[in-house]
Amino acid sequence: MARTTSQLYDAVPIQSSVVLCSCPSPSMVRTQTESSTPPGIPGGSRQGPAMDGTAAEPRPGAGSLQHAQPPPQPRKKRPEDFKFGKILGEGSFSTVVLARELATSREYAIKILEKRHIIKENKVPYVTRERDVMSRLDHPFFVKLYFTFQDDEKLYFGLSYAKNGELLKYIRKIGSFDETCTRFYTAEIVSALEYLHGKGIIHRDLKPENILLNEDMHIQITDFGTAKVLSPESKQARANSFVGTAQYVSPELLTEKSACKSSDLWALGCIIYQLVAGLPPFRAGNEYLIFQKIIKLEYDFPEKFFPKARDLVEKLLVLDATKRLGCEEMEGYGPLKAHPFFESVTWENLHQQTPPKLTAYLPAMSEDDEDCYGNYDNLLSQFGCMQVSSSSSSHSLSASDTGLPQRSGSNIEQYIHDLDSNSFELDLQFSEDEKRLLLEKQAGGNPWHQFVENNLILKMGPVDKRKGLFARRRQLLLTEGPHLYYVDPVNKVLKGEIPWSQELRPEAKNFKTFFVHTPNRTYYLMDPSGNAHKWCRKIQEVWRQRYQSHPDAAVQ
C-alpha cells in the first residue's frame, strides 16, 4: 500500500489549492501554490508544508530570523471538514458528491477519485490534465475548481455545484427547445468556447452531458479529463487513442487521429442540432455506423427546423476543419457571433442576463395540425398530485367495492367499446369474474397481449410518439397495474413504457395532441383519430383508482 500511494503522490502531486478571493464576481478565483517541493510521501522526507496544510516547524537556531518567516499558510482541507450528501454523478474512475463545508455552510460538488483505481487503469494523465486545465480557467461558463486535497486512499477536487444538472436532462425532458431558448444557450456555449480557445485549450468531449446548469440556469461546462492544452506553436493535438463521444466526434479525429479547436466547433454544430431536433444529427445502431455517417456527412434536417439555426449548423458541420465558421482560418469568432441566428444576442453580459424559460416546441406535423408549445417552467419544481374529481372512484378495477351499479349477466362484450381493429377501451365497472373472462378473451385473440405481461388492456390505439421534431408510430397500451406500454406496430417490438407514479399527469393540448408529464420527461403523443381527450380521460380515471382510492399506493 505504501508503494502504491507513493507512486501516485509522485505522479499526481496535488500542490495547488484554489481558494475564493474577495472579489464581487463569483467567477473570480485565485490560485495559491502551497510549496514548490513535492507533497509529503509516507516514509519519505518532509521538506515542504505538511499535507494537512500546517506550516513546517522552524529549524533550531533560526530564532533570529523568525521575523522574516512568511506567515503560516491556511490549513489544508480534509474530508472531516465536510458533510457529504447525495451522489451527483459517477464516472469510470470517480464519483461526484454534494458536500457542505461545516465551517462556512457552502455547498460544493466534490469529485472523489480512488488512487488505486487511477493507477490500475492508467488514468493518472486524465487526473492531472483535468486539474491543470481547470486551474487555468476563470470564466462564469465553466465549473470552477476551488480546492484540492487528499488522504491515503483518495483524491478530492472541490468544484462549484451546478444545482440544475445536465443540459441533456432538459433536452430529454422537453424534447425540443424553442428558438429563443436554443439561441440563448447556443450563445452561452459560443462565448465559453471563445474563452477556452483563447486560452489555447481544446475540450475534445463537448456534449450536452458535459454542459451543466447552475442555480440560475446558466451553463457551466465541465469534464476536462480529455482536454488538451496546445503549445504556442501548435494548432492541433494528436490523439493516440479515441477520445470523445461517438455522436459528437469530429471527422478529423476519425480520419487523421488529430483534434483542433475546430473540433469543438463541430461538436457545437451537433449540440445546436440536438437542441432544436431533440436528437443528435448522426445516429445509428452502433459506433462504427455512426462514424461512417460522420465521415460521409450523412445527416438530414427534420421539417420545421428553424431556418437560421439550420444555416448555422450547416456552416459548422463541415468536413474540412479549416472551413468551419468560427475557426481561425475563417477569421475566428467574430463571423460566428455575427451569424443571423444571433442577431438579437447581446454578447457582453450573457452571464448576467436572465435565461429564457425553457419552452418545448412541437410544430405541426401536417397542415391539419396545430403548433404546440409546452411551458416547462412550472414543471421544473412542481409535480404535485393531479387535482381531478374523485367522483365514483372505486377501490380497485372491479365493481364489487364501488357505489356503481353492476351490470347484469356475464356478457363481457358490454364493457368493450371498439373504435377499429387496433383501438378500443373498456368500461371499468366489471367484477373479478368478468375481469378473468376479459383477460381470457384478450389472451386468446388480442395480438398485443404478448407485450403487456398478462395485464388486462384498458385502452389501446395507435399514436404518433414525438421526440423533438421526430415522430414514430406506436401502439399505446394502457393496462392494469397501471402501465402505459408502447410497441412498434410494424416490427412487433416493445419499445418502452411510460413510468407511472403519483406525479404522472396527462394534458390534452388539442384534439390530436396530448402530453403525459412524468418527473423526468414529458411524452408527446398524437392520436391520429383526434381523440386525445379520451386518452387523457381514461388515464385520469385509472390514476384516480390507483392513487386516490389507494392512498398507501402513493408511497410504494
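Including glycine, each Cβ sits where the backbone N, Cα and C put it.
Since we're looking at a predicted model, the values are computed, not measured.
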According to Swiss-Prot, phosphotyrosine sits on which of Y9, Y161, Y170? Y9
Taking D132, D138, D223 as the options, which does Swiss-Prot list with S92, F93, S94, K111, S160, Y161, A162, E166, E209 at the ATP site? D223
According to Swiss-Prot, phosphoserine sits on which of S6, S241, S263? S241
Nearest to K304 (N6-acetyllysine) in three-dimensional space, by Cα, is which of the recorded positions D205, T354, T513? T513
Between T513 (phosphothreonine) and T354 (phosphothreonine), what C-alpha distance do you get in Å? 31
Number of Cβ atoms other than its own within 10 Å, given for T354 (phosphothreonine): 9
Across the region 'PIF-pocket' (113-157), DSSP labelling yields 19 helix, 13 strand, 13 coil
Rounded inter-Cα distance in Å - T354 (phosphothreonine), D205 (active site, proton acceptor): 27
Tell me the Cβ contacts of D205 (active site, proton acceptor) under 8 Å, same chain only and six or more apart in sequence, or just say none. D223, G225, T226, A227, V243, G244, T245, Y248
